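Chemist: Sharing the record's features from TrEMBL:
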DOMAIN    2-131  domain 'Nudix hydrolase'
BINDING   Arg23, Glu34, Phe35, Pro36, Gly37  8-oxo-dGTP binding site
BINDING   Gly37, Glu57  Mg(2+) binding site
Amino acid sequence: MSLLLVVAAALVDAQDRVLIAQRPPGKQLAGLWEFPGGKLDPGERPEEALVRELAEELGVIVDARDLTPLTFASHAYEAFHLLMPLYLCRRWSGEPQSREGQALAWARPGELDAAQMPPADAPLIAPLVALLG
Ligand SMILES: Nc1nc2c([nH]c(=O)n2[C@@H]2O[C@H](COP(=O)(O)OP(=O)(O)OP(=O)(O)O)[C@@H](O)[C@H]2O)c(=O)[nH]1
């Protein structure tokens, strides 16, 4: 079993909406909506990796101190087992923009559709609904 650590963020705006990004065509799980984030580079700390990914994918600047652990996903994909901490972030600088061609959307957690998200993400919806409605 190979374990893959991916860090992800729920960016939450003033209306308690969460930012989701659509995986571009050609990638694994293309078309599904996920939380911004990604894999760690060698030697990187998880929070440092997430700050970097948010800058690369969305052009926003996040202070690692504004990343709060919320919950995590643990899911057996065929090729690897994904372990993905999900951090909550309510403060950043800049307006999130699509830097990698991905569509972006703000959604109330109660409107998130598990069927349109990667299978690992389905259990992440309930904690977000409990927190934000
Ligand atoms: N960022 C993110 N990745 C997720 C989520 N749910 C989920 O299963 N994943 C999986 O975690 C991995 C994230 O890797 P990634 O975004 O860094 O890499 P990628 O597949 O785009 O490929 P890459 O190597 O070309 O960057 C993918 O296998 C992706 O399918 C999620 O909500 N957010």
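Glycine is no exception: its Cβ is also placed from the backbone N, Cα and C atoms.
Give me the local environment of each listed feature.
Modeler: All protein chains shown were included, and the count of other CB atoms within 10 Å of the CB of Arg23 (8-oxo-dGTP binding site) stands at 17.
In this view, Glu57 (Mg(2+) binding site) is surrounded by 20 other Cβ atoms within 10 Å of its Cβ, with every protein chain counted. For the recorded site, Glu57 (Mg(2+) binding site), the DSSP three-state label reads helix.
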Chemist: Using a 10 Å radius around each Cβ and counting other Cβ atoms from all shown chains, which of the binding-site residues Pro36, Gly37 yields the largest count?
Modeler: Pro36
Chemist: Looking only at the domain 'Nudix hydrolase' (2-131), what are its DSSP counts of helix, strand and coil residues?
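Modeler: Its residues divide into 35 helix, 44 strand, 51 coil.
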